[in-house]
Amino acid sequence: MQNIHFIGIGGIGISALARFLKEKGFKISGSDLKESKITKELEKEGVKVSIPHHKDNILNKDLVIYSAAIKEENPEFKHAKELGIKCLSRKEALPLILEDKRVFAVAGAHGKSTTSSILASLLDDASVIIGAILKEFGSNMIYKESQNLVFEADESDSSFLNSNPYLAIVTNAEAEHLDHYGNEVSKLHHAYTQFLDVAKIRVINAEDEFLKNYKNESIKLYPSKDIKNCTMCIENFKPFTSFELKDLGEFKVFGMGYHLALDASLAILAALNFLDIETIRTRLKNYQGIKKRFDILHADENLVLIDDYGHHPTEIKATLSAAQEYAKLGGYKKITAIFEPHRYTRLAANLKEFAKAFEGVDELVILPVYAAGEEPIELDLKAVFPKALFVEDIKREGKFLVASKGQVFEEGLIIGFGAGDISNKLRQKNE
């Protein structure tokens, strides 16, 4: 049995790969800088996890796979190289992991986790590797003895080009992670074209500015024409979106917002290649959402607290639109957004867009930037967000939130945005 060690195993994407290979019969170990919910869960699943990194952790290993966050000076990476152990980045390891599978890969700047998750609910015989926790299964990985595998493909480091898709879905091709592409949008778009070209079946959002010009044969969704009568409702505080798709009738999906209808439509059009429409309509009801995507942590008649992974203006704007609809349906009079900016480079590149995205909220609270390893960039955020409340920290007290300056947030709809620590802050109760 091959011994595989993962450096940075606590990451949402790389932990899914570790889980998948463990199910395939490999002996898995891993390490990370600090303990987390994911590392604790992995240990319960029988994975030996070492905290922090130490060179001895890679002794007697046949292969080392490391996350994108790992630098060359990492003691385990350095020692593995010295010992001649084969080292692969997550990106380089994908062909090895996916080699014998029929891959249904979902890419795009926004909506890929949701679209992947919905597709996984529809294709219930497929294994799943995604960068989010499916509430239906309580994991970012599902292993099935099947040739089919639903995979969330990442364009940020061009690793989606290593996914060898049988079916490829692209939700949109908005410019994100341009630093990896030499700040040239044309290189990013060329990568998307390569990703699509490899696939036998292609499903695209044909109203995306780039994708609408894609030349090869594909199944095209024109959201403004194909999605009709999109309505939202709340049932026992749970959000649902209903819509009609082309001439296929009505569908109902867990979650709130037009973007949910769009993501679900792409998954439905993909699944139609393998399933009949009534099976799809029924299985769509199994989908229960994903963690950190309009994730309702507490709800009663006076207060609803929501955690959302949104960290780009486009995502935030779409989710706030859904939040406004939820507040209207639920009778919540005030909307408070708590924003933890993720990466200085993203914040600096999209300052005006972020300001615009938050225009509809009654109160905006801004936490310090989650740097994700980046060097700080000097930004005058108070000039861009003159009405915002800037706080050093926020913590959960029972069902309420308390800011470091003493402010208490206890009514209306409160929604947190960010890809850093904010989710933990919103979830860690101090009773």
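Each residue, glycine too, has its Cβ placed from N, Cα and C.
Now, the feature entries from Swiss-Prot:
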BINDING   Gly108, Ala109, His110, Gly111, Lys112, Ser113, Thr114  ATP binding site
- [ ] Pick out which of the binding-site residues His110, Lys112 has the most other Cβ atoms within 10 Å of its own Cβ.
- [x] Lys112
Open item on the list: I'd like the number of other C-beta atoms within 10 A of the C-beta of Gly111 (ATP binding site), please.
Closed with: 25
- [ ] Go through Ser113, Thr114, our binding-site residues, and report the one whose Cβ sees the most other Cβ atoms within 10 Å.
- [x] Thr114
Task: Gly108, Ala109 as binding-site residues, winner by CB count within 10 A - done: Gly108
- [ ] According to DSSP, folded down to helix, strand and coil, what is Ser113 (ATP binding site)?
- [x] helix
